[in-house]
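Chemist: After the structure tokens below, expect a handful of questions from me.
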Amino acid sequence: MKHSTIAAISTPLGPGGIGIIRISGPEAKDILKRVFIRAEKGSSFHRGESNPFRSHRVYYGKIIDPHKGRLIDEALAIYMKAPKSFTREDVVELQSHSGFVVLDRILNAVIDSGALIAEPGEFTKRAFMNGRIDLSQAEAVIDMINAPCEAAVYMASQQMMGILKESVDEIRSKMISLRAQLEVELEFSDQNETQMGKDALLESIQHEILQKIARLVQNQKEAAIYRDGVLLSIAGLPNVGKSSLLNQLVQKETAIVSEVPGTTRDIVREYLTIRGVPIVLCDTAGLHDSLDPIECLGVQKARKQIQESDNILFVIDASRDLLEEEKVLIESLKTKRTLFLINKIDIADKNRVKKLEGMIQQKWVLPISAKTGKGIDQLKELLLKGIVESDAIKQMDAGIPNLRQRQLLDKAYKQISQCVQDVSKEYTLDRASEKLNDAIDTLGSVCGTREREDLYDTIFSQFCIGK
Ligand SMILES: Nc1nc2c(c(=O)[nH]1)N(C=O)[C@@H](CNc1ccc(C(=O)N[C@@H](CCC(=O)O)C(=O)O)cc1)CN2
Ligand SMILES: Nc1nc2c(ncn2[C@@H]2O[C@H](COP(=O)(O)OP(=O)(O)OP(=O)(O)O)[C@@H](O)[C@H]2O)c(=O)[nH]1
Ligand SMILES: [Mg+2]
């Protein structure tokens, strides 16, 4: 299997400018010779055998069906000789016109010439198996493909360059040398003079190992908002302008707006980014006790949505006074990160707006008009400050682990803390050293060694075909 030659369409299916078919493995070049006829000086075409393909050159020619000899498409072909290629194997790329049928016909010609269809992620898996990239870099390729915003692309590119691996390797080597020192200390612990040494060593584990692991774990937590987006729900009584606010924020007429209270029933979702941070914005039904059974269902959905959301925009209508049920809601939302918006200031009495601001007595209160757009820029600023409390990206020079890596870092942290406790309580050397060994192994699997096929299969199966 390892020595097979695989092929796949590497570009999205459907009409497009150019499509790429990628071939990797020992037979890549022979297959190229079978399906591709090169154009040489002038317009005469030659089969590849006469003139060898040189590595990393672009050749113009045509792709033919090797059995029928029929022309499929004109194309460019690149041959990349191992190990200077994406997979470190011989790689051929055929660049043709893009279209479902033409790409499919070329792929069939390539398969007929001896290649096997690649599994999802198999090219990247080979790059990993052949040692060109480590596991964290391979996972970064998945993150890059799925990146929903600029910040996520930046994070994935950082990881592709191997930044996380550098940090983890540094921590791991430090642990290996501290383990050696610890063993020496413990060996001679019955001699009084080494006691200081032992404390200093534990201190060193605390600062140089545990704190650094904790920092990486923290990076993962902070970066989650860039990967998954922030859930932000709009809540309030009926008719206060929630749907108008959603439309204003996304600059589209997504939700129905009307002067009839109880217009919105289902949750309406929209996506926006504020300075690169993806936000999932949810408009909900106006909260109140209704007699209409369908509206009641909408209110139930709204309550559930608000409960699940850490971040709320609570809208108040400034053209009237606060209602009793609104006061209760305001009180109940104090436990969440809520921004209180006093809406409709374009038609409201200025004194009432002031009075409402005073009455709400919360950290974040902002007068706006969802209709005219007044205050919306300030709203975006507040969202950025309130939700992305720290400038997460700048501090992440050490790398940003994904969830799988973070779980392993958490595990290593526990194993090391346990060891520190054991040693300070003077447990046996065997037990402490065993824990440290486990932790060193755990850290090793964060960026992967090439031994665990089963784990890798699950990771690589998340890719799309052709990657
Ligand atoms: N046409 C095309 N574009 C592409 C890719 C590809 O495979 N094909 N890539 C696919 O993801 C990305 C580029 N990534 C790549 C990473 C390494 C190598 C590579 O050949 N590395 C060798 C040789 C480096 C060199 O010449 O110095 C190596 O690292 O040994 C190629 C592409 C994005 N664009
Ligand atoms: N003048 C003014 N009218 C607004 C403003 N925001 C909303 N409205 C009006 O208020 C009415 C209700 O707006 P919606 O956005 O549908 O209110 P809602 O909170 O989504 O209402 P429900 O879905 O019924 O809960 C509509 O007639 C809007 O045009 C505003 O800032 N100024
Ligand atoms: Mg609405």
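Backbone N, Cα and C atoms are what each Cβ position is placed from, and that goes for glycine too.
It should be emphasised that the depicted structure is a prediction, and the values quoted were computed from it without experimental measurement.
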Chemist: Determine which of GLU89, GLU93, GLU183, GLU426 appears in TrEMBL for the same (6S)-5-formyl-5,6,7,8-tetrahydrofolate site as ARG22, ARG132, LYS467.
Modeler: GLU93
Chemist: Just to be sure I read the record right: SER258, VAL260, THR263 are listed as binding K(+) in TrEMBL. Which of ASN239, ASN247 is listed for the same site?
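Modeler: TrEMBL names ASN239 for this K(+) site.
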Chemist: Are any of the binding-site residues ARG22, ARG132, ASN239, SER258, PRO261, LYS467 near ligand 3, with a Cβ under 6 Å from it, and if so which?
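Modeler: Checked binding-site residues vs ligand 3; nothing flagged, none.
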Chemist: Please list, in sequence order, every residue of the chain apart from ASN239, SER258, VAL260, THR263 whose Cβ lies within 8 Å of the Cβ centroid of the K(+) site.
Modeler: PRO238, ILE256, VAL257, GLU259, PRO261, GLY262
Chemist: From the Cα of SER243 (Mg(2+) binding site) across to the Cα of VAL260 (K(+) binding site), what is the distance in angstrom?
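Modeler: VAL260 (K(+) binding site) to SER243 (Mg(2+) binding site), Cα-Cα distance: 12 Å.
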Chemist: Near ligand 2, which of the binding-site residues show up if the criterion is a Cβ under 6 Å from one of its atoms? Options: ARG22, ARG132, SER243, THR263, LYS467.
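Modeler: SER243, THR263, by Cβ distance under 6 Å.
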Chemist: Which binding-site residues from the set ARG132, ASN239, LYS242, VAL260, THR263, THR264 come near ligand 1, judged by a Cβ under 6 Å from any of its atoms?
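Modeler: What lies within reach of ligand 1, judged by Cβ under 6 Å, is ARG132.
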